[in-house]
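A.B. asks: Would you mind keeping the following structure in view while I ask a few things?
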Amino acid sequence: MNESSEANDLAIRRQIIDETKCVVVKVGTRVLTTSDGKLDLERVDRLAEQLCRIADTGRQTIMVSSGAVGAGVAKLGLPQRPTDLKSLQAIAAIGQADLIGAYEKSLQKRGRHAAQVLLTRNDLRRRSGYLHVRNALNGIDELGAIAVVNENDSVAVSELKTTFGDNDRLAAQVAGLFNDVMLILLTDVSALYDGHPDEKDSQPIHMVHDVDDGVMALVDDQVSTVSKGGMGGKLRASKLANSHGHPTIIGSGTEEFVLDRIFAGDAVGTLFVPPKRSLKGRRRWIGSSANVAGTLFLDQGAVDAIQKHGRSLLAIGIQRVEGTFAHGNVVRLVGPNGEEFGRGLSNYRSHEVARIAGKPSEQIEWILGHRPYENVIHRNNLVLRIVPE
């Protein structure tokens, strides 16, 4: 990095820090456990110390912490992480107690408390649940506590591998509840590299403006026996956070006082800079958290009207309906190429859309006996930039 680009990097980092009102820090299993699989209490304590310093600046501070299953495996003295659902659920419950206890002990001696928040994806799929979670996190902050969020592995079923996918995505979705957020993903590598981190010629990438296919191609994702995420998952989480307007830093959680360095404006890790335009409010929920209840397959004319001209979706542009959904449910939009390009809130139920598909709007009342809406999805309830799960 030359001097001018380094100065620009640092200036952008300082501006982001100045604008940040909420900080979401995610720390992975491999950062929180020792080489023999036990919970690293010293590292938990150092992280808690830095979280308190961030909170002392007046910023809302949220920790998304992995490690429950790993802590449970260590506590029970198991030789390896089980793969069956029943064991994983029980071990997560046992390990979560140790995990939250370690945070509480470290935070309490610094005048704060840990507030355990366990989530599944269903908690964020409904708009009401999405708002309830946000209100709860705000309430925790108002009491001066620090929320420690984890996926609720102990009651998840298939969710152990498919709810959020991993805690990186969970952290990005928690960040999406708020505005003016910085997301920090702490892992066991110092940054995103232009090659394999272990290769001597590989160089760290200090700043990324677009998580495109070229950036994704840099990682060879490996999911370990003690964690569910990988660098690919962190890039997808960064892209999701960026779509909300939130800058993201991927850095080393094993580096001592890494959070202090980030907020000192040092060039730590890789900074993912969001675009100027980003999803807000309800459209953010539609695009990243809401449950998708069905699919509408559109002709090219409808795709062009939506993508190029910002139009609402009319019934005449729908070729086929898949799934069962109600009025107000989120549906995905698929073009003739078979690829999803957007999501939106349907004004009609699935069986109604199937009946009016391909028909002009003026025929809706004749077909259904009523026409509460001229369009199937209003443009204000459409989101085109979708981050793949």
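Including glycine, each Cβ sits where the backbone N, Cα and C put it.
According to Swiss-Prot, the record shows the following:
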{"type": "BINDING", "residues": "K26, T187, D188", "note": "ATP binding site"}
{"type": "BINDING", "residues": "S66, D153, N167", "note": "substrate binding site"}
{"type": "DOMAIN", "residues": "293-371", "note": "domain 'PUA'"}
A.B. asks: Restricting to the binding-site residues K26, T187, D188, which ones have a CA within 10 Å of the CA of S66 (substrate binding site)?
C.D. replies: K26
A.B. asks: Between D188 (ATP binding site) and N167 (substrate binding site), what C-alpha distance do you get in Å?
C.D. replies: 15
A.B. asks: Between the Cα atoms of K26 (ATP binding site) and N167 (substrate binding site), find the distance and write it as a whole number of Å.
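C.D. replies: Just about 7 Å between their Cα atoms.
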A.B. asks: Quick one: largest C-alpha distance among K26, T187, D188, binding ATP per the record, in angstrom?
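C.D. replies: Largest pairwise Cα separation, rounded: 12 Å.
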A.B. asks: Could you measure between T187 (ATP binding site) and N167 (substrate binding site) for me? Cα positions, answer in whole angstrom.
C.D. replies: 12
A.B. asks: How many helix, strand and coil residues does the domain 'PUA' (293-371) contain under DSSP?
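C.D. replies: Summed over the domain 'PUA' (293-371), the classes give 28 helix, 24 strand, 27 coil.
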A.B. asks: Looking only at the domain 'PUA' (293-371), what is the mean pLDDT?
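C.D. replies: Over the domain 'PUA' (293-371), the predicted model scores a mean pLDDT of 94.
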A.B. asks: At a 10 Å cut-off from the C-beta of N167 (substrate binding site), count the other C-beta atoms across all protein chains.
C.D. replies: 27
